[in-house]
Structures are given as C-alpha cells and as structure tokens.
Amino acid sequence: MEKRKIILDCEPGHDDAIAMMMAAKHPAIDLLGITIVAGNQTLDKTLINGLNVCQKLEINVPVYAGMPQPIMRKQIVADNIHGETGLDGPVFEPLTRQAESTHAVKYIIDTLMASDGDITLVPVGPLSNIAVAMRMQPAILPKIREIVLMGGAYGTGNFTPSAEFNIFADPEAARVVFTSGVPLVMMGLDLTNQTVCTPDVIARMERVGGPAGELFSDIMNFTLKTQFEYYGLAGGPVHDATCIGYLINPDGIKTQDMYVEVDVNSGPCYGRTVCDELGVLGKPANTKVGITIDTDWFWGLVEECVRGYIKTH
C-alpha cells in the first residue's frame, strides 16, 4: 500500500482532533507534520489544543504554529460550536508537549521545496497558512501533489446562509488557493453533514475504548449539544475527518468535477464557494467536490483508527 505523505493544517477544534487521530494512526497515511492556524478559536488556543491532543494520543509528529490572523478580514471565531477553549469537553493532563520554533508557513515551504512533489496538503481550517505559503514562495505550487481540504459548500453555508465557516474566516486566502492551479479536492458541508456523529456512534467508539475512544467520547458528546442547539442536528458532523477518509480510500466518497470560485466581494455572499455544478460557465473544472460518502464504511474506518491506539503490551 502506498503511504500518502501529508501535512495536516488544522485549527483544533473538535472535528480537527478526530482528523489528527486518524491521520496519525492509519497505515495508509504518512503524517509528516501538523501546522496550526487560527480559526475555531484564536491561534494561542488552537495551538494548545493541538498539542494536548498529540500529548494524550502520543502522536509524535512535529507541530508548528502558523498565521494568527486572516489575510485581510477582521478575525472571527466559532466559539458557539467549539466553546471558549476551542476544544471544550475533554480534560487534559498538564501540557508538557511543545511546538517547534519554526513558523508553520516556513515549514510548509521548506518541506515542499525539498520534496519530490509527492506531498499532499490537507487544510481543514481557514486557508491562511496555505495561501501565505503560496504567495511567499510560488515555486511550491508544482511541488504540491494535491490539496484535500475541508471547507465551503455547493449548497447552504453554516456561518452565513451563503458561506461555510472555514472559507468565511478567510475568503481572500481561499481565493488564493482556489486560483492556484493545484489539484483540489473539496469536502464541503453538503458531504460532511452526512457524517453526523449520533449517540450510537459515540457509544460504539466508547466500547472500543483506549485513549482515542475516551477522547472521541469527550469531544463528540460536547458537540452533540452545540450542534443540536445551533443547527438542530442529531449530533456533530466530523467534517475534517472526511478528508482523511478520502485519502485512505477515495472510493468511499463520490466526487464531481466542478469549477469553483470563492466570492470575495463584500455582501451577503462574501465567502461563498460558488460551484458550477451544471457547467453553465463553460470554465474548466478546478476542483473535485465531495457529493456523497459511504457512512458505514466511514465509521468503520474511524473505529479502526480508534482501535489502533489501544496498547497491546
């Protein structure tokens, strides 16, 4: 089996933590590094959350802090969903794990430039780190094998009627990425909302147990409350984890090639991913857009990763 080399760019974040857990354990993924961006909460908080998850699950991968602000817009956070810490719910041991001193953007540039073009970027938060890296060193563009991102929607948004949070948090950065010419795969809300983590899924992971089962339970029981409160959902979708699922086995997720453009005009559609589903613009497709996911397969994959953290000795 070919291991996909990835850099996971995230803003933990409840579903980010599930993506980290899966990426670090599945044998099909070679997780080179974790870069952190501001998003669900401010950078100081998302960094601590990322380090806490790595410490609890003994994920021995370097962690790099990145952009603390969006490129242009005023910063927003998703504390309504993720709480004051950005990862409310779990209680962690005192933190001893530390981030690397190198800036995430420099790490992304240096790693890509030294590569053979075989590294996939997996940004599951606002695209600030990726866009700044692209602007600082355009020579990375042909070095990126693929970008598999969580963000956007071809239907309704979740932070405004038009926009999904990750894109709305930094639309200008998203515009840079979507016009980069790099092969893109977009897991938008239309797909990720199919992965609602209901109480029976939580119970299934609790039965598996181990440190990842415990963390999964603490994380997803918190989002049960907030997702029902704000969106009327029967549980929290594990949005970001769908990107890892796609990388492990793209056959589990149906995609459609579309031309996607990010609206950066101020107004009610600011931050919208405009997806030309019918091809009416006649522009060449630049994105594989996730349409449907085999949820039985997906939860089986999550369980497999949770089970991987149980120590046998």
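Numbers here mean position along the shown chain, with the first residue as 1.
The backbone N, Cα and C atoms fix where each Cβ goes, and this holds for glycine too.
Per Swiss-Prot, Ca(2+) binding site is recorded for GLU11, ASP16, VAL124, ASP240. Long-range neighbours of ASP240 (Ca(2+) binding site) (same chain, six or more residues apart, CB within less than 8 Å of its CB): CYS10, GLY13, ASP15, ASP16, ILE18, ALA19, VAL124, GLY125, MET150, THR192.
Look at Swiss-Prot and you will find GLU11 tagged as active site, proton acceptor. Residues within less than 8 Å, Cβ to Cβ, of GLU11 (Ca(2+) binding site) and separated from it by at least 6 positions along the same chain comprise ILE36, VAL37, ALA38, GLY39, ASN40, GLN41, THR46, GLY86, VAL124, GLY125, PRO126.
What Swiss-Prot records for GLN227, HIS239 is substrate binding site, and it gives sequence analysis as the kind of evidence. When other Cβ atoms within 10 Å of the Cβ of GLN227 (substrate binding site) are tallied across all protein chains shown, the result is 22. GLN227 (substrate binding site) falls within a helix when secondary structure is assigned with DSSP.
With a cut-off of 8 Å between CB atoms and residues at least 6 apart in sequence, the same chain places ASP15, VAL124, MET150, MET187, LEU189, THR192, ASN193, THR195 near HIS239 (substrate binding site), listed in sequence order. Report note: the Ca(2+) site is defined by GLU11, ASP16, VAL124, ASP240, and the residues of the same chain whose CB lies within 8 Å of the CB centroid of those residues, excluding them, are CYS10, PRO12, GLY13, ASP15, ALA19, GLY39, ASN40, GLY125, MET150, ASN166, HIS239. Under the three-state DSSP scheme, ASP16 (Ca(2+) binding site) falls in the helix class.
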